[in-house]
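Undergrad: Annotations for this protein, taken from TrEMBL, read as follows:
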REGION    1-22  region 'Disordered'
COMPBIAS  9-20  compositional bias 'Basic and acidic residues'
BINDING   His172, His238, His309, His515  Fe cation binding site
Amino acid sequence: MAPDYSKNVPERPEPHKADVKGSLPSWLQGTLLRNGPGIFSVGETTYSHWFDGMAIMHSFTFKDGEVTYRSKYLRGDTYQANIAAKRIVVSEMGTMAYPDPSKNFIVKAITFLNHTVPDFTDNGASNIIKYGNDYYATSETNYIRKIDPVTLETQEKVDYLKYLAVNVVTSHPHYDKEGNAFNIGTSIAEKGKTKYTLFKVPHRMTLMDRANNTSALKNVEVICTVPCRSLLTPSYYHSFGMTENYFIFIEQPFKLDIVKMATAYMRGVNWASCLKYHPEDNTLIHLIDRKTGKEIETKYYTGAMIVYHHVNAFEDDGHVVFDAIAYDDNSLYEMFYLNKLKEGADLKDDSYSIPTYRRFALPLHPDKGTKAGDNLVKLKYTTASAVKEKDDKLICQAEVLCQGLELPRINYDVNGKRHRFVYGCCVERSALATEIGKFDTETKTMVRWSEENCLPSEPLFIPRPNGEAEDDGVVLTSVINSNQGQSGFILVLDAKTFKEVARAYVNNELHKDMHGFFIPHGN
């Protein structure tokens with residue numbers, strides 16, 4: 001029986017020891033943080049979409065062969081306002097909140113104005129990110145919430161807009177070897193322009209900033225801005241790619257209509273309805289030099305698609321190669337409305353667009369002497385192409401490496417370099433995974449883990465210290481366990497063989513979450 005995804009998840013804030021079965025590697029020392037929606041109804045009101053639920057954070061701490069578990073709600077302004085009102089009063093992307101009918105006209109008018117120029121939620125239920133030495137719960141709004149990674153206590157609210165002009169920001173930054181973070185956000189109609197802003201948050205902070213508990217965002221550096229193709233319909237995006245020398249940003253024809261968004265509250269619709277996929281349009285791939293902050297001259301285009309998650313990107317023999325999980329339509333978001341995730345619902349949905357793992361190859365320095373119609377990709381290991389058109393544009397076609405893989409993770413030590421292995425959720429039949437897999441990009445083969453009545457989360461690869469191979473380590477995934485008399489558990493797989501090493505039953509009900517972050521002990 002499928003879990004009830006609309007049920008509120010109880011928190012367990014006090015740490016307790018999990019029941020470990022098997023033998024954990026002695027080197028596995030650290031804390032896995034996971035984040036996702038956990039509260040779906042307040043009083044008589046209910047969220048419409050699963051992504052909108054108020055955040056609950058989980059931590060699994062591995063130390064000396066033992067696992068300690070705890071969970072706690074993110075107690076931000078959104079949580080406090082909803083709980084105090086005993087109803088949902090803060091709007092989310094898929095759920096528009098309206099004032100209590102007993103409220104007077106002035107309150108209703110103020111609410112209307114707040115939704116015309118939205119002051120977004122601080123319900124960071126998507127991921128955990130690190131800026132400087134601090135950890136934040138994040139979604140995709142301009143607000144992030146600092147948390148204590150040990151106790152999961154909610155700390156100060158941070159507004160990106162105090163540091164740079166971005167109204168929405170991804171929850172999937174990249175990190176370099178020094179710990180610097182790189183991210184991208186959209187500036188909506190700022191000084192009459194809508195643009196995408198790539199920025200760097202330096203890891204190093206002054207002693208004064210540390211002493212004053214100053215946010216690392218104080219030292220943010222804008223690397224570059226990319227003008228939006230349309231002032232009032234910026235592209236939606238969830239992640240981006242990064243190599244040693246380049247950023248890859250996909251401006252896809254999945255667009256947010258700003259005018260419709262400003263009038264959504266008045267029209268009685270949610271903000272998500274203002275997102276529209278335009279399959280008749282193409283996709284523009286931006287390639288930006290990390291050192292100069294300038295976009296390279298060549299224009300790369302491909303067909304209409306929707307990408308939520310990049311896998312990795314790397315440079316090879318005059319090309320930038322990037323891998324991404326792509327969809328042919330926007331049915332993925334529609335599947336997560338709670339009425340479609342009701343208890344007992346069949347996991348199979350014929351309307352679901354199966355994700356495809358696509359590899360693109362972008363020639364960096366096209367020969368000016370090449371003719372229109374020539375394929376400029378010279379790499380032997382991929383069938384990806386980049387065909388020159390008469391106006392010197394390159395039309396890129398991806399190689400499809402596999403289907404039905406989502407929430408991809410790699411050994412992050414090879415981020416920006418050529419990788420071989422990818423770990424993810426297997427979602428051939430539905431957006432809800434019953435299996436996780438390890439995909440080999442060279443042999444195009446997949447090995448899987450599954451267990452009856454178990455639903456695994458996004459798998460994270462943790463490298464063994466001084467590991468000798470790309471897959472030398474373990475894979476961690478939290479598992480919803482519907483077997484009678486059993487609790488949820490954290491599963492540890494040998495990444496090389498994809499066989500179980502150990503599991504730790506947490507004596508608590510786990511739930512479907514979004515993304516996770518592993519913090520090694522001593523970091």
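Just so you know, glycine gets a Cβ as well, placed from its N, Cα and C.
How buried are the listed features, and what sits near them?
TA: Same-chain residues lying 6 or more positions outside the region 'Disordered' (1-22) and placing a CB less than 8 Å from one of its CB atoms are 38-41, 46, 50, 56, 60-61, 65-73, 152, 338, 341-345, 347, 432, 455, 480, 482, 489-490, 492, 500-509, 511-512.
Residues within less than 8 Å, Cβ to Cβ, of His309 (Fe cation binding site) and separated from it by at least 6 positions along the same chain comprise His172, His238, Ser239, Ala324, Ile325, Glu406, Leu407, Pro408.
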Undergrad: Within 8 Å of the centroid of the Cβ atoms of His172, His238, His309, His515, which other residues of that chain place their own Cβ, given that this set defines the recorded Fe cation site?
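TA: Residues close to the Fe cation site, other than His172, His238, His309, His515: Ser126, Asn127, Thr170, Ser171, Ser239, Tyr308, His310, Leu407.
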Undergrad: Identify, among the binding-site residues His172, His238, His515, the residue whose Cβ has the fewest other Cβ atoms within 10 Å in this structure.
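TA: Each of the binding-site residues His172, His238, His515 was scored by Cβ atoms within 10 Å; lowest is His238.
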